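Below is one structure, written out as structure tokens, with a few remarks after it.
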Amino acid sequence: MNIPDLPNKQIALQMQKRYLIYINTRNIGRKFLIYKQLIDFNHNTPKIDKVLDDQIIGDQEDARLQGQLIEDIEYIKQAVKHFILIPNKAQTLIKQNRLEEALMVIDEDIKENPNDPRNYEEKANVLLLMNRLVEALEFAEKAIKLDSQNENNYARKAFTLLQLKRGEEALDYFNIAIQKAPNSSQYYVGKAHALLHLNRFEECQASYDIAISKSKDKSELYAEKANALRLQNKLKEALIYYDKAIDLDSFQPSFHSGKAHTLQQMNRFEDALSEWQKAIDLDPSHSNFYSGRGLNQQLYNQLILQDNQIEMKKQSYLMTQLSKGTLRTMSIIQEKHIPQDNCLGIQKQQIALIAQLTQILMMPICMPKKMHRYTEALICFQQAIQKNPEDYEYFIHKGDTFRVLNRPIDALECYHQAISMCPQDEKTYEAKAQALRLQSRHKEALEYFDKAIEINPSKWVLYSGKGDTLRDMNRYEDSLKYFDLAIQHNPEDSFQYGAKGTH
């Protein structure tokens, strides 16, 4: 199912799943509410049967009446079973992801009861699950026509419009749902989704606040607000709301994974690792948690490498300055012909400088003590693949890790698998192109950059990558063209101007 245009797919998926569960739960609740007493009565019939047996033995006069009552109970039981058979069957098929069959069952029900809005509601829900959005919108509108007082029908249409990226219209229908049911927190959540889609962040947060004020004990509302804050890069505030969600329900793995993502963005990798582990412990079958933990280890190593490079530059600068100072001291002694007895102070300064220089030279460069984290990352990505071998992005991440570990053959094999699984995603070709370039297989790298550009011609980093490759091949004029294209697609990135200037 397509997700509203949000920067983070996982967050959007959580929003979608939560909404679909809600509207289906509401439908089931409405449909069977009037039969609740009959069903409860049905559940209690074994006790009634035993009482009746005792009474028949004790009082033969009432036997006929009691027997009739038993027959009536059986009749009611059969009637209830018969009446709920079709919706139960449809819901069972939906849970089994047998959506085409569920549609057939619902269509039969529509033929028998063409004026029952609940059938159209249910069909719209199934079509949403099948990503048949235009058809889902059609049946959502039919449900509204047949039951214009049902606020959930407006919310359903709003959600469908949001998935069709018609955010303003979606917002209008969420507002109608709110007018009809102002005490329902769910519709304020839907409104917040629409506002987030429209980049109206302040209003989005206000809508979440109203939802929370109406349902303060619902942990998922705090988590959803945290998700929205994270998308706005308000990371400290996001952490506060993830913690509130976890305080209310510490057994929800998605709360821990959301917090882990936030901590990663703050470069708090050790804390993030702890949250990823909590998510895995709560739901060891979820492949994304292993992938998230693997990416955490990769990012941690990258940060350490960056810190090392900065430290090495500082050390290099200090050594240069100290060397200049030492040479200058010796030059003064020679030029001035200072007597040995009179230059003890200068010699002491020289000795101190040399000692400081030696100390820096002897200092172990802070190479990452935790390079083993790449190996841990590799294990995590492999676990993710075992849990969900259909997700090609795990193979890309695994290939990236192999590349860092200087295992190019393994990396290329992972990228090849990713391409075979999803040939329409430019990321797979880009990853393989970069790996080939690092192996100086420039002609092959150019082919894969071209394939990636063909799929996504607006992605500036592809032109930059091709420019780098052409420069490696000493084809400077050609490389300039591609750096220019990268600048055209992303004029804010100063790196491209620098790359162009190195020719």
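Heads up, the Cβ atoms here are built off N, Cα and C, so glycines get one too.
Here TrEMBL flags 253-286 (among others) as repeat 'TPR'. For the repeat 'TPR' (253-286), same-chain residues at least 6 beyond its ends with a Cβ under 8 Å from one of its own Cβ atoms are 8, 10-11, 14, 219, 223, 226-227, 230, 233, 235, 238-239, 242-243, 245-246, 292-293, 295-297, 299-300, 303, 387.
The list of residues near the repeat 'TPR' (426-459) in space but at least 6 beyond its ends in sequence, with Cβ under 8 angstroms from a Cβ of it, reads 392-393, 396, 399-400, 403, 408, 411-412, 415-416, 418-419, 465-466, 468-470, 472-473, 489. Residues or ranges marked as repeat 'TPR' by TrEMBL: 426-459 (among others).
The residues of the repeat 'TPR' (460-493), classed with DSSP into helix (H, G, I), strand (E, B) and coil, number 27 helix, 0 strand, 7 coil. Per TrEMBL, the feature repeat 'TPR' maps to 460-493 (among others).
Note: the repeat 'TPR' (253-286) comprises 27 helix, 0 strand, 7 coil (DSSP; helix = H, G, I, strand = E, B).
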